[in-house]
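Structure record follows, encoded as structure tokens.
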């Protein structure tokens, strides 16, 4: 069976549901597909189809994630829902599902709970830029003042973690009522909260800048010299575009970036005028010897990324079952940090008052690398020990 072609007619946005266990994330996800399916803009996915999400592996970590897609009049969405709390933590830290915005589901009957807090904090740490709130199960609360109270609590919690709590849109409704309704009319009253939510998502979560429009960056995977022509570096363009004749910087492993000009670009042995995000290319560099550039450095638009050695990061430590360590590690632990295409040794400093880090923990730490790497906030990495992955992290702040 031939695969359907992905028609890129509408802007694309990645979103996901976050929130405490049993507050209705998966029910809401199913309800969204149901209501939009009635409008011909989605395929209905039942609760069970979403709940028994297939396992995926991202950076050596097994994560259960359900991916659903749907459209509104304005945009095309890819929506992620995870069955278990640990799956969310792993998903957000590894960047397996990069979210442009999140729908925070809070039960009006219970109010914010520990995982509500943890998911908001994680969203903040891994740079989920926008959150909208769905206040679920409002049919189970008789007193409107209680609903207002929960709403205030949610806004305060969002503000506490650096989101604009006062302006975050909050939609109230019952995902279960929408999911169980027999009505085939998309404008039935029980579907209104879902339509209102999608309207808010359309308007409040901006369309992200596409990778192509960002400044050029290509992690270097391999280096060769071509007799009579010079040095060629190969890799996959991560973002931006590069034209023949443009100046780039080689960043990493040296305190200062080094400038050079790309005098030729090739893909599949054919000459290109321009490389764009996603292309696997070879770039011919002017005046660079083969021993002056290596795997693990990046080619970048001048001035857009700098080499750093010290940063703060949010890290998930793999459990023994996931192939991670069997024992905790302590302050001063020195594993390898795998950034893009290479490993660099670094030393870990745990937060004050934290003695050790257990397998399965989610922890903030400071890392100091032995050599500088092209790093920016939001960059993902794996922590490895003897070739196996023992953790996954995301850079939250650069120190030096």
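Glycine is treated like the rest: Cβ placed from N, Cα and C.
Swiss-Prot lists 10-209 with the feature domain 'tr-type G'. The region 'G1' feature in Swiss-Prot is assigned to 19-26; the stated evidence is similarity to another entry. Here Swiss-Prot flags 19-26, 81-85, 136-139 as GTP binding site, drawing on sequence analysis. Swiss-Prot lists 26 with the feature Mg(2+) binding site. Sequence annotations record features per position, and here Swiss-Prot assigns region 'G2' to 60-64. The region 'G3' annotation in Swiss-Prot covers 81-84. Residues or ranges marked as region 'G4' in Swiss-Prot: 136-139.
Swiss-Prot feature annotations superimposed on the structure.
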residue : record              : CB count, 10 Å
19      : GTP binding site    : 25
22      : GTP binding site    : 14
25      : GTP binding site    : 26
26      : Mg(2+) binding site : 24
82      : GTP binding site    : 25
85      : GTP binding site    : 14
138     : GTP binding site    : 19
On the three-state reduction of DSSP, what should I expect for residue 82 (GTP binding site)?
coil
Here's one to test understanding: among the binding-site residues 19, 82, 85, 138, whose C-alpha is closest in space to the C-alpha of the residue listed as 'Mg(2+) binding site'?
82
Which one of these stretches, 19-26, 60-64, 81-84, has the most C-beta pairs shorter than 8 Å to the region 'G4' (136-139)?
19-26
DSSP on the region 'G1' (19-26): how many residues come out helix, how many strand, how many coil?
2 helix, 1 strand, 5 coil
Roughly where does the region 'G1' (19-26) sit in mean pLDDT, to the nearest integer?
94
Let's see if you can do this one: DSSP helix, strand and coil counts over the region 'G2' (60-64), in that order.
0 helix, 4 strand, 1 coil
Tally of helix, strand and coil residues over the region 'G4' (136-139) according to DSSP?
2 helix, 1 strand, 1 coil
